[in-house]
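Everything below concerns the one structure shown next.
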Amino acid sequence: MSNYNLEKRRYVIAFVATAIVVVYIVRLFTLQLLSDDYKKNADSNAFLKKIEYPSRGAIYDRNGRLLVYNQPAYDIMVVMNEAKGRIDTLEFCHALGITKEFFIKRMNDIKDYSKNPGYSRFTQQLFMSQLPSEEFSFFQEKIFRFPGFYVQQRSIRQYQSKVGAHILGDVAEVSPYDIEEDSYYQPGDYIGKLGVEKSYEKQLRGEKGVQILLRDARGRIQGKYMDGKYDRKPIAGKDLTLAIDEKLQALGERLMEGKIGSIVALDPRTGEVLCMVSAPSYDPRIMVGRARAKNHRALAKDAWKPLLNRSIMGMYPPGSTFKTSQALTYMTEGIITPGTAFPCNHGFYYRGLHVGCHSHAAPIALVDAISTSCNSYFCWGLYYMIGNRSKYKTPYNAMNTWRDYMVSMGFGYKLGIDLPGEKRGMIPNADYYDRNYRGSWNGLTIISISIGQGEVTLTPLQIANLGATIANRGYYYRPHVVRKVQGEPLDTMYTHRHYTMASRRAYDYVVAGMRSSALKGTCKALSRLPFEACGKTGTAQNHGRDHSVFMGFAPMNNPKIAIAVYVENGGWGADFGVPIGGLMMEQYLTGKLSPAAEAQADAMQARRIGYGPRFSQK
Amino acid sequence: MINDKPQSIWSQVDWLTIGLYIALMLFGWLSICGASYSFGDNDLFSLDTRSGMQILWIGTSICLGFVILMMDSRFFDTFSFIIYGVLLLLLFATIFNPHDIKGSHSWLVIGPLRLQPAEFGKFATALALAKLMSTYGYNIQRWKDFAAACAVVLVPMLCIVGQRETGSALVYLTFFLMFYREGMPGSILFTGVAMVLYFVVGIKYEGIMLFDTPTSVGKFVVLLLVQLFVAGMVYNYVHNRKHTNTIIGYSLVLTTIAILFDVYVIPFDVTWVQLGMCLALFLYLLYHGLRTRLPQYFFILAFAVGSVVFFYSADYVLNNVMEPHQRVRINVLLGLDEDLAGAGYNVHQSEIAIGSGGLKGKGFLNGTQTKLKFVPEQDTDFIFCTVGEEEGFIGSAGVLLLFLVLILRLLALAERQPFAFGRIYGYCVASVFLFHVFINVGMVLGLTPVIGIPLPFFSYGGSSLWGFTILLFIFLSIDAKRNMLKA
């Protein structure tokens, strides 16, 4: 090809460029001047995207009692472009019951990009949120006098009773972080912040709908755009049915008044959480609407930390309730047999080490050791297990075998309950001791873990779950507070059995021990109950007064409830833990309290433990 | 005139281009004001707003342009490969950059500055191409030389694809337009364009049915295109008008009959008729090829068979081989799935915005459609919406004409260069602008796939404005000194 030919190619390229521009101009011509669709809505017609909010799912307890529902509230919206200079400010403030200063400040805040990043003078901006119906009805009569102001119907959460704040959680306006995380949210939307409101947010919230409306130059709605072709209807949120028994929860919260601690009750047959009390609690009804921010701040300042859900976030030494897990481990591993007896002379004395014990007959075997909660027995057990070189070769292996048993019982890791913020507790392993004792440790060094002290910590939920594994004689289901999501099958992770490493035979002896404890041992207060209860007390040592702990289940055969009670600084397990646990089991299994029990409950409700002031006097 | 003294650069520089440059930037700034503006009180010049920031970018760009004009134009010739190398390193390094902005790794964050190296890769690649192809003895028709030029284009492309900015990478394909001017056989360019056309048309309209009959518009149109292209090639390469007319005639008559039968008698898939006609066409070409022994017939046959095979295999790969998520990515690139709420919603909205502008538009800052955030990326990729809405047909057609004049002027300037280096570089510049305008405006008008690339001088953003300014002013600098180098 000659050079001349190549030079001609400039015309080809120029032609292509011209052709593209001509085609585009023709397209512009048809879009802007010929097309009828757009012409009709030309000039200053604009679209108004009206969000239609779905109703949030309601929450019921296990017996179908309504716990949380929605109540209409009204957001006052403003379109700046329309409101500007056209309303009587004084009259407006009067109608809404606000001051002129508030009005001016609010209007300035709306226009401030740093406070309201999505601001546009052509779209609705939130002026005031969550006006209750009473206040709104007064305003509504006058709204025609305030051009540019609109009403957006929303719903706010209402709580039927004051119980279950930690489980139910609450909703609040989305934070900028939430919006960034999930583009579903827009400023002003609500999102679950705690409890099941948070963990089941996706199911509860439903799906927003949108209507695309046409407006004329004066902002009047002219109708739907393309007859609603692009509209979407809102889809209502799904209702939740909790596993919680409202009456049991209410009793638990009543018994824990003035105390710090937790009660967790599980249905061992399903892993359902029957009640989850964290004390001190608060009334969920104060976390609603415009008062939420103020009340939330007050609770956050409270020295007793009522916002903390101690049932899953509190990591406590389990004390003697832990001995059951030790008995299971030693027996399954063959360290002890049911007949093995260890001496106890007011405690465990060995090579200068002393772990104290109360006075009881000695030496004793497994069932009695559980029944009387003998420290010495379990210390000897751990000592022989860690020191058993013929079986494990090294204390390192023995320790890790021990750890594996503990983990199989649901300790040391999160159980995976469907509530936010669960803690995993602490189960030490051999590496942990190697680090902390520079490799120089043996069964004696770590002896206190055998009685649920030392490095071991559990959440009350994990203690209750220990009760469930014993009740089931060897397995548990992942605990969950939501029993059913409307229209969805239960997640299979809640129907899968987790087996522990302990043998069935070991469980039978531990159950016998716990039953013996309820009849004549540390829990003998349970013997009055009209069903066969099994229990184990705990008296967990700590820096202050001992914590009072109880773990139990009932009835012994065919158990329906497993329970953990933890009262901080309550002293002996038998002092607070056992009576509370007994009342709770009675309430759940018989559906009511006997008159005598009712009197006992009143007395327990009135008891106070001196924890010091709740609010600092700064 | 004193000839041994260098002429003043101000008398030599092409003021028309600079005028167009300034005009486009000002128009762009007004559009950004319209797109980002929302309340009467906000200050268009405040640095908190995009309109204010854009002034900063425009100011720095003009300074940058001035500096480049003052530089010795031999600098670019001498350092072109070094500049290219440095930019390649930068592009490569950007792949591993941890800053993930909207799913893309193409932003390099240096303190308060966020730069997109892909925007600067264009001028560097153009310089390297100009240098390579202007070396003595270079002949693009030798396959080795052609491969070298292709490599110069493909390496930065791959880096940018690695940054997950496929749109910006596609821009580099525009350099093939320059290859065409420099002697690459036109059939290569034509084949490439045809393949893209088959792919885009075939996939985009595959699901749409012709008059509610079982005929897929995509397949139908592609097969018809194959026949028409073959007819055109017969005319162009064999210069046989009779055969051309035969092909077009049979093709159109049979298609019309098939469609009428399809619509009024029994609905059936017209694609089969089209496929049958393509097979007949192959035999026709083969027959004439064997009869006349003209190699052109075999080349055209190869093109025809290749077209059909390419189209069906692309279709097969997309539907049967690719994983669903890969398919989604391709669909997004083609603008099929760019919006989750419903196919074509965004493009539909941008068409409405433009359509509502009418003849004269709603006036500066009065567009309501773009402000309601219906149009995505309204001050970057979809900026042309604002022009259409606020300035109407007059304004938007005017902007397109300004771009056309700029591109034609650049072509003219390129042709007047005494050296191949300047000419090649000039063609690169013109091609880049052409490609950006073609894709960006086309996507806003709903004519081309939605590929996120900026409209030169209009879209908000420092990197793209600086990139285009450097690209353009290097050429103006070379052009202004063309006579000095001659002497």
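Placed from the backbone N, Cα and C atoms, the Cβ positions cover glycine too.
Non-local neighbours of the transmembrane segment (B:12-32) in the same chain are 50-51, 54-55, 58, 61, 65, 69, 364, 379, 383, 386-387, 390, 399, 402-403, 405-406, 409-410, 413, 455-460, 465, 469, 472, 476, 479-483; each lies 6+ residues outside the stretch with a CB under 8 Å from one of its CB atoms. Annotated transmembrane segment per TrEMBL: B:12-32 (among others), in sequence order.
Among the features that TrEMBL reports, transmembrane segment is placed at B:52-71 (among others).
Same-chain residues lying 6+ beyond the ends of the transmembrane segment (B:78-96) with a Cβ under 8 Å from its Cβ atoms: 105-108, 117-118, 120-121, 124-125, 127-128, 130-131, 152, 155-156, 159-160, 162-163. The annotation transmembrane segment is assigned in TrEMBL to B:78-96 (among others).
Note on the transmembrane segment (B:146-163): residues 84, 87-88, 91-92, 94-95, 104-106, 118, 121, 124-125, 128-129, 132-133, 140, 169, 172-173, 175-176, 179, 184 of its chain, located 6 or more positions outside it, place their CB under 8 angstroms from a CB of the stretch. TrEMBL lists B:146-163 (among others) with the feature transmembrane segment.
Among the features that TrEMBL reports, transmembrane segment is placed at B:184-205 (among others). Long-range contacts of the transmembrane segment (B:184-205) within the same chain, counting only residues at least 6 positions beyond its ends with a Cβ under 8 Å from a Cβ of the stretch, are 140-141, 146, 173, 176-177, 216-219, 221-222, 225-226, 229, 299, 303, 306-307, 310-311, 314-315, 318, 330-331, 334-336, 449.
Annotated transmembrane segment per TrEMBL: B:217-235 (among others), in sequence order. Non-local neighbours of the transmembrane segment (B:217-235) in the same chain are 194, 197-198, 201-210, 241, 243-244, 247-248, 251, 255, 270-271, 274-275, 277-278, 281, 285, 300, 303-304, 307-308, 311, 315; each lies 6+ residues outside the stretch with a CB under 8 Å from one of its CB atoms.
As annotated by TrEMBL, transmembrane segment applies to B:247-266 (among others).
For the transmembrane segment (B:272-290), the list of distant contacts is 219-220, 223-224, 226-227, 230, 243, 246-247, 250-251, 254-255, 258, 297-298, 300-301, 304-305, 308: same-chain residues at least six beyond its ends, Cβ to Cβ under 8 Å. Per TrEMBL, the feature transmembrane segment maps to B:272-290 (among others).
As annotated by TrEMBL, transmembrane segment applies to B:297-314 (among others).
According to TrEMBL, the transmembrane segment annotation covers B:393-412 (among others).
Annotation comment: TrEMBL describes B:424-445 (among others) as transmembrane segment.
Annotation comment: TrEMBL describes B:457-478 (among others) as transmembrane segment.
Across the candidate stretches B:247-266, B:297-314, B:393-412, B:424-445, B:457-478, the maximum count of CB pairs under 8 A to the transmembrane segment (B:52-71) is reached by B:457-478. Comparison of B:297-314, B:393-412, B:457-478 by number of C-beta pairs under 8 angstroms to the transmembrane segment (B:424-445) places B:393-412 first.
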